[in-house]
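Over in TrEMBL, the protein carries these features:
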- 13-453: domain 'Major facilitator superfamily (MFS) profile' (DOMAIN)
- 12-35: transmembrane segment (TRANSMEM)
- 84-106: transmembrane segment (TRANSMEM)
- 118-136: transmembrane segment (TRANSMEM)
- 142-163: transmembrane segment (TRANSMEM)
- 175-196: transmembrane segment (TRANSMEM)
- 208-230: transmembrane segment (TRANSMEM)
- 280-298: transmembrane segment (TRANSMEM)
- 318-334: transmembrane segment (TRANSMEM)
- 341-360: transmembrane segment (TRANSMEM)
- 366-387: transmembrane segment (TRANSMEM)
- 407-426: transmembrane segment (TRANSMEM)
- 432-450: transmembrane segment (TRANSMEM)
Amino acid sequence: MTTPVEPATRKRVLKVIFFSLLLDLISFTFILPLFPKLLEFYRNVEAPLDPSAPPSKTLLSNVLGYLNTYKAAFARPIDSRYDIVLLGGALGSLFSLLQAIASPIIGHFSDRYGRRTALLLSMTGNILSVLLWVMATDFRTFLASRIVGGLSEGNVQLATAIATDISDPSKRGSTMALIGACFSIAFTFGPALGAWLSSFSTVAANPFATAAGVSLTLIVVETLYLYFCLPETLPALTQNTGPTGAQVNVNGTETTPEEKNKPAAATHVATAVQRTNSHFLLNLTHLTFLLFFSGMEFSLPFMTYDLFAYDSAKNGRLLGFVGLIASILQGGVIRRLPPLLSVRIGVVACLLAFIMLGRITSVGGLYGAATLLATTSATVVTGLNALSSFESHEGERGGKLGMLRSWGQLGRGLGPVLFTSVYWWAGREVAYGIGALGMSWVALLVLYALKTPPGSERVKTAKVAEEKKEL
């Protein structure tokens, strides 16, 4: 059995996780509003649209050639102004698919050698990724930055694993909501800050070097903060204590050099878990949900332009509204709900949003659907992470959460391509109608197939007050 983590220690570790993850996600979201202008810059340099310009044989020109072949397959013509958006979507899909490959590896590594070690190695890859962005005067270097980032980003899943290591079952849902709140806060302020920083051009060969440089600074600060402040939390390692001079673990004890270098799997006997939901069912739910949800997310800029002539600024305000509502919900409501209930609320809200988006004709209707999407953003992924942690013993938790993220990232990688293809082939109503059918299937899964794990329900209402003090 795991030794219970002292409340003061839990509070300290949660603060480290919260602030480090917030720094990481703010840095990550800097680039989101910059993609159109950033890719347009590379296109103008390496694949100009001017027909009188000599043909270029760059990596970007080849990619755009394949993109034009893809566009030509649609029944409805696609305006060339969408080229950059499609290219950005392709890069986003690449990042997600790389995450699908890397996440289980990172998770299993953390189960064997510790969360802290895995997280610091992940941060090393993140630093290299952002450094390449700072140096990206051509598209090839920028692409390398995204590939390195996709293969090394493990902060979210490792923060989730750490949070479950230090939380008992009755507090796990609220702890996951705290991690979800980091996402909402970062997506509320990060993109706007990134757009503002991009207005300062310090390097002519890379007009986005200022934003990239600040992003790099945040990542380096986060890494140093984790190195000096984050203890090891993997139960198999934290229960090995040794003499003074060894590495400090989560409970303030110290680990001998021999124990520090010994894989956790060799020192820990797994505690049996009576599973309520199979991991296959949880992973399938995650994949199916994100397959449709991410497709809808990616299609929103097209839909708002077609219906309401929205520009980037108006779309930014819409996304900021979603982030703000999600933050309020996570901080005030979601953290008090059992994980399965929050998942069910989010999926039903997403289903209603699909139905609305296929029929809206006014900005008011758009913001009504956005409120439903904010509810979904605040609940589903956070709740599924919590449910998966309940079905995992402490020696396999990193790997199981990594697999859950892997399946989800696979859906996030495929969703935009499939959904926008239907959008252009058949139109908005058909695309969102199919999305509603898909989300109906997810709703059936979460309403009737998933069950509430023992210990995930609140046992004592007094614990709510205790959590307020801790968080």
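Cβ from N, Cα, C; glycine included.
Where the annotation comes from TrEMBL, it is an automatic prediction and has not been curated.
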Distant-in-sequence neighbours of the transmembrane segment (432-450), which means Cβ under 8 A and at least six residues beyond its ends: 277, 281-282, 284-285, 288-289, 291-293, 295-296, 340, 343-344, 347-348, 350-351, 354-355, 357-358, 387, 419, 422
Intrachain residues whose Cβ lies under 8 Å of the transmembrane segment (318-334), provided they are six or more past its termini: 177-178, 180-181, 183-189, 191-192, 300, 304, 310, 342, 366-367, 370-371, 373-375, 377-379, 382
Local confidence of the prediction over the domain 'Major facilitator superfamily (MFS) profile' (13-453), expressed as mean pLDDT: 86
Contact yes or no, the transmembrane segment (142-163) and the transmembrane segment (84-106), 3+ Cβ pairs under 8 Å, gap 6+: yes
Stretch contact, the transmembrane segment (208-230) with the transmembrane segment (366-387), Cβ-Cβ under 8 Å, 3+ pairs: no
Distant-in-sequence neighbours of the transmembrane segment (366-387), which means Cβ under 8 A and at least six residues beyond its ends: 160, 172-173, 176-177, 179-180, 183-184, 277, 282, 285-286, 289-290, 293, 296, 304, 307-308, 318, 321-327, 329-330, 334, 339-343, 345-347, 349-350, 352-353, 356-357, 360, 401, 404, 408, 450, 453, 456
Tertiary contacts of the transmembrane segment (407-426) (same chain, 6+ residues out, Cβ under 8 Å): 74-76, 78, 86, 89-90, 92-97, 99-100, 103, 283-284, 286-299, 302-303, 381, 384, 434-435
Candidates 12-35, 175-196, 341-360; stretch with most C-beta pairs under 8 Å toward the transmembrane segment (118-136): 12-35
Outside the transmembrane segment (175-196), six or more residues from its ends: residues with CB under 8 Å to it: 14, 17-18, 21-22, 25-34, 156, 159-160, 163-164, 166-167, 211, 215, 316, 319-320, 322-324, 326-327, 330-331, 334-335, 339, 342, 377-379, 381-383, 385-386, 389, 471
